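Listed features, source TrEMBL:
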{"type": "DOMAIN", "residues": "1-91", "note": "domain 'Cytochrome oxidase subunit II transmembrane region profile'"}
{"type": "DOMAIN", "residues": "92-225", "note": "domain 'Cytochrome oxidase subunit II copper A binding'"}
{"type": "TRANSMEM", "residues": "27-51", "note": "transmembrane segment"}
{"type": "TRANSMEM", "residues": "63-87", "note": "transmembrane segment"}
Amino acid sequence: MSTWANLGLQDSASPLMEQLIFFHDHALLILVMITVLVGYLMFMLFFNNYINRFLLHGQLIEMIWTILPAIILLFIAFPSLRLLYLLDEINEPSVTLKSIGHQWYWSYEYSDFNNVEFDSYMIPTNEIANDGFRLLDVDNRIVLPMNSQIRILVTAADVIHSWTIPALGVKVDGTPGRLNQTNFFINRPGLFYGQCSEICGANHSFMPIVIESVPVNYFIKWISSNLNSSLD
């Protein structure tokens, strides 16, 4: 999660987020090069005393400043399109998680495991533990196995929501009557925080998301204990 004075992106927890960070740095480098070049040219205009009374057109320079930006845009467009298709690719998932947005909380269903399901509410400030994070912790966390392909299906029961986890590079809109899907791969254990990033009503900023990434054997134990409790 973001910490105080964190001006950059969060540390990635998935290969797709690593690629997003690489593309961000790549585009930023091109922007810095353009800014320095244009700034230098504008600065030098203040000290340029040359005039040309007979200059009516400059076809060469016009060709240069038309073709060069097009080439620069290609250097941004091709990596962007590659990343766009990578984000949309659905590999064979090990676990499918369904997320349903409500005003203003999330419901989750593990449809692979006899429909283990629960609601996830934000913990109020007066009930939060000393080591908890205000406005970010929830009463029921999503537990997912690391080093596994996870597919998430996102929808909404009332208005448009958006299921967003910055550290995983995941942002999926939940639209009523529509089922959107994406996938991600968590490559390290930990707690990953997110929030609804759609303006879905008065309390839209108070429906956080918490993923607890654990090894596969811990995940199997967690699923087994939930199945046994639901059977009881």
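Glycine residues also receive a Cβ, built from the backbone N, Cα and C atoms like all the rest.
TrEMBL does not curate its annotations; it predicts them automatically.
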For the domain 'Cytochrome oxidase subunit II copper A binding' (92-225), the mean pLDDT of the predicted model: 91
For the domain 'Cytochrome oxidase subunit II transmembrane region profile' (1-91), the number of residues DSSP places in helix, strand and coil: 61 helix, 0 strand, 30 coil
For the domain 'Cytochrome oxidase subunit II copper A binding' (92-225), residues assigned helix / strand / coil by DSSP: 19 helix, 64 strand, 51 coil
